[in-house]
Amino acid sequence: MSKVGSDAGAVDADDRASRRPIGIPDKTTPLKDLELAARETFFPDDPFRPFKNQPRSRRLQLGLNYIFPPLQWLRSYKLSYLKDDIIAGLTIGSLCIPQDIGYSKLAGLPPIYGLFTSFVPPLIYALLGVSREIAIGPVAVVSILLGTLASHQLPVPTLATKKCDTTSLKFINDACTQYRESYLALIFTATFFAGIFQAALGLLRLGFIIDFLSHAAIIGFMAGAAVTIALQQLKGMLGISTASFTRKTDIVSVLRSVFQHVDEWSWRTALLGLFFLGFLLLSKFIGKKNKKLFWIPAIAPLTSVILSTLFVLVTHLDKHGVAIVGKIDGKINPSSVGRFVFHGEILKKALRVGFESALIALTEGIAIGRTFASFNNYQIDGNKEMIAFGTMNIVGSCTSCYVATGSFSRSAVNYNAGCKTPIANVVMSIMVLVVLAVATPLFHNTPNCILASIIINAVLTLIDIPAAITVFKVDKLDFISLLAAFLGVLFISVEIGLLIAVCLSVANILLQVTRPHTAVLGRIPNTSIFRNVEQYPDSSRIPGILIVRIDSAIYFSNANYIRERILRWLDDENDEIKKENGIPFQFLIIEMSPVTNIDTTGILSLEDLLKTLQKRKVHLAFANPGTKVIHKLNDAGFVQAVGNDWFFLTVGEAVEVCRRHITFGHESTTPHVQPFSVESKEPHMRS
């Protein structure tokens, strides 16, 4: 490095001629910026693109296709598709019927309401939904969440007997009957509001909100909910009555309740339940080993119900302590509009229950739809799906259904069965309709322990241990979120676990925003490429020059941290240089490529950095700031304060210019840089 003139604050003509100046494009109007921001926030998928430059008739057709997707795919529907859809529909129908009866109990409802929820919502989704593979109906996690929230919001009144049970049609006194009616009113009203929330999020293009639940937090929440649901089934596996069992979901309360009711344990019930649980697990194992045998685990639950029911009929085990489902009123979805309550305490409780249920139902349903869509190489419009989910739950709430969404286990079976279109959901609905119309008496003698074993078998798929191990290996902070959500559900409650999952997901975002990554850059040998010295240890430092990259936008939340972190880099690196008796830093180059935006606080922070560096006789330079950033820096007068010539297109250009301006003292290795002045070009931010 050669010594140059004493004025390090100016760039000579040769330097200017040897590089391309940084570009400051023409500014757009504030209205245009607002329009761009709104478009990227609410319409990132550009849903109106197909409508551009189209005649009115074509726009009408495209609009109808968007609202009703069957109008699009029915035109290319083949007869061979119908066979596949019928097979898939019958397969998931045989799976959903026994699951629905069990899931309704998780929601604190009589068995018939689970079947209701697998009849109407799938039909609405088939008309409005985009996913071809998703199977709609009640799911375990939403059922337990809905039931837990509703029971907490509406505790059993003291006038009701201890045997008061919302899952049974038998009630002991008038207070219990009245409580059941209030409970149903809360469930249906909450389902209505869940649909309103879901549809509103879609119509307002606010689908990005559900992305605030991180994948790791969802894994932890789902696993915790799965363990909670499985533990809840101990009452069915051991023969403990629902009325006497705790309504809490944490592991301590559940296990305490199990051992407090040892007198109700039935060895016949436990033996029967364990036998069929083993049968279900074996069927699942066979299906995993051979994908062509997917139908075995699909029909295993219904097979278990049929065999166990016949066994009870023959042996009369119901008279020896084995609890059975009992009478199920055979009727098709009655209207529940008259049960809606839009006033008083029920309304407040329904709003809360509906919102939380809507959030989890959307997260699970859209995640499932996108997963299977990626397998078949097509896109899912998240906002359109929200409208479909919302509409089906609004209609469902009016027809005695509770919150429905996509089921992962049924969707996987639907996919493996070769479904081609949502007609598989229609076939499933027709199958449920037949059961509602003529077959509900057949479930009278079905043992409750079989339903418990079916639920345990189903929820085990929600525990994704390989995914948790991957999260642990990749990101320890994400794993903490996963573990906290899991333990929150397991040891506190489902709703607290959900709250922890949301809070930790948001906290993770805030942590990344408030403490962004910064890196010291060095030159890759024999190149003009500059990269992180920690990632590339063989990269060389430039004597007298510190190069720092900021890997984030600079906002009020992180501006001070970034300034302090840069100064700390400067101090730490200078300390190392002093130990080696090297050249202290005379130039600081900030690589701005990753900085997508900067606010006024960020600019003030850079001003403070500039003044601090002046006092330390260190010159400041910037490399490749983006369009938004350079515009704001220029408008604030910061570009003029630093000097236009100290904004470079690349780090390499900045390094070459700075190297030519490094000076050396005669009595020591400490260099001297004449400080540049910004007094006459003071930025106007502080005024």
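Using the three backbone atoms N, Cα and C, a Cβ is placed for every residue, glycine included.
Bear in mind that the values here come from a model prediction, so they are computed numbers and not experimental data.
Copied over from TrEMBL:
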type	residues	note
REGION	1-28	region 'Disordered'
COMPBIAS	1-11	compositional bias 'Low complexity'
TRANSMEM	183-204	transmembrane segment
TRANSMEM	216-234	transmembrane segment
TRANSMEM	265-282	transmembrane segment
TRANSMEM	294-314	transmembrane segment
TRANSMEM	386-405	transmembrane segment
TRANSMEM	426-444	transmembrane segment
TRANSMEM	450-472	transmembrane segment
TRANSMEM	479-507	transmembrane segment
DOMAIN	535-658	domain 'STAS'
Positions whose Cβ lies under 8 angstroms from the transmembrane segment (216-234), at least six residues beyond its ends: 106, 140-141, 144-145, 240, 249-251, 254-255, 258, 363, 367, 452-453, 455-456, 459-460, 462-464, 467-468, 471, 475, 478-479, 481-490, 494, 497-498, 500-502, 504-505
Range from 294-314, 386-405, 426-444, 450-472, 479-507 with most C-beta pairs under 8 A to the transmembrane segment (265-282): 450-472
Contact between the transmembrane segment (386-405) and the transmembrane segment (183-204) (at least 3 Cβ pairs under 8 Å, separation 6+): yes
The domain 'STAS' (535-658), counted residue by residue under DSSP: helix, strand, coil: 62 helix, 22 strand, 40 coil
Same-chain residue ranges lying at least 6 outside the transmembrane segment (294-314) that approach it to Cβ under 8 Å: 91-92, 94-95, 97-99, 272, 276, 279-280, 283-284, 286-287, 322, 324, 413, 416-417, 442-443, 445-447, 450-451, 453-454, 457-458
Average model confidence [pLDDT] within the domain 'STAS' (535-658): 90
